[in-house]
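Novice: The structure follows.
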Amino acid sequence: MLSRAVCGTGRQLAPALGYLGSRQKHSLPDLPYDYGALEPHINAQIMQLHHSKHHAAYVNNLNVTEEKYQEALAKGDVTAQIALQPALKFNGGGHINHSIFWTNLSPNGGGEPKGELLEAIKRDFGSFEKYKEKLTAASVGVQGSGWGWLGFNKERGQLQIAACLNQDPLQGTTGLIPLLGIDVWEHAYYLQYKNVRPDYLKAIWNVINWENVTERYMACKK
């Protein structure tokens, strides 16, 4: 929905208008586990606030912004369309990123991936441990707020690590297909780990849902 509305060229303007006219509002996805299911690695208070407040705010603000964008399209107001781009990117990215993040985690997670994903990690990073070190370093090294990502470069057929600032969506800003995202905004860890981001990164590996990451990897290879 977001990409068609925002990124369409002039030749796609008429279809986009029709699409927006019948669009459905975004909604907050349910978590596939209880708020306390990831303890002791991520506590219930963090998960509840993160999901029901922070993610919900991105969803609500995205819906409001899309309504304003729809009005601007209908009026042919290009200035207003341009002015709304930052809000679309921020709130749309926040919704996309968190929707991936929740499924990337599991109370039954941790350990190592298996099969083709593990082989691809070894091929592109040397070993699973080297991969963990590189993604951890990229995530810890984000200045301010942002995300660390494992993505897939479809053109090269390779896994790549990237860091995105704020809520910039990985695919929309780098072209990489997102497989695993690590939220390093302070709201993701501060209530439990204070300002020690490396401790949060160390803990989150215990709840990574490798089945979900593998499913994403296999899907983007098709």
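Glycine is treated like the rest: Cβ placed from N, Cα and C.
Since we're looking at a predicted model, the values are computed, not measured.
Sequence annotations record features per position, and here Swiss-Prot assigns transit peptide to 1-24 based on similarity to another entry. Among the features that Swiss-Prot reports, Mn(2+) binding site is placed at HIS50, HIS98, ASP183, HIS187, with the record citing similarity to another entry. Per Swiss-Prot, the feature 3'-nitrotyrosine maps to TYR58; the stated evidence is similarity to another entry. What Swiss-Prot lists as N6-acetyllysine is LYS68, LYS75, LYS114, LYS122, LYS130, LYS202. Residues or ranges marked as N6-succinyllysine in Swiss-Prot: LYS68, LYS75, LYS122, LYS130.
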Novice: Between C-alpha atoms, which of these binding-site residues comes nearest to LYS122 (N6-acetyllysine): HIS50, HIS98, ASP183, HIS187?
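Specialist: It is ASP183, whose Cα lies nearest.
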Novice: Excluding HIS50, HIS98, ASP183, HIS187, please set out which residues of the same chain place their CB within 8 Å of the center of the CB atoms of the Mn(2+) site, keeping sequence order.
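Specialist: Near the Mn(2+) site, the remaining chain residues are HIS51, HIS54, HIS55, PHE101, TRP185, ALA188.
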Novice: Between the binding-site residues HIS50, HIS98, ASP183, HIS187, which lies closest to LYS130 (N6-acetyllysine), Cα to Cα?
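Specialist: Nearest candidate: ASP183.
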Novice: Going by Cα-Cα distance, pick out whichever of the recorded positions TYR58, LYS114, HIS187, LYS202 is nearest to LYS68 (N6-acetyllysine).
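Specialist: Looking at Cα distances from LYS68 (N6-acetyllysine), the smallest one goes to TYR58.
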Novice: Counting Cβ atoms within 10 Å of each candidate's own Cβ, which of the recorded positions HIS98, LYS122, LYS130, HIS187 comes out highest?
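Specialist: The residue with the most neighbouring Cβ atoms within 10 Å is HIS98.
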Novice: Please work out which residue of LYS75, LYS114, LYS202 has the most C-beta neighbours within 10 angstroms of its C-beta, and give that one of the modified residues.
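Specialist: In terms of Cβ crowding, the pick is LYS202.
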Novice: Report, as a single number, how many Cβ atoms besides its own are within 10 Å of the Cβ of TYR58 (3'-nitrotyrosine).
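Specialist: The Cβ of TYR58 (3'-nitrotyrosine) has 22 Cβ neighbours within 10 Å.
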Novice: With H, G and I counted as helix, E and B as strand and the rest as coil, say where DSSP puts HIS50 (Mn(2+) binding site).
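Specialist: Its secondary structure by DSSP: helix.
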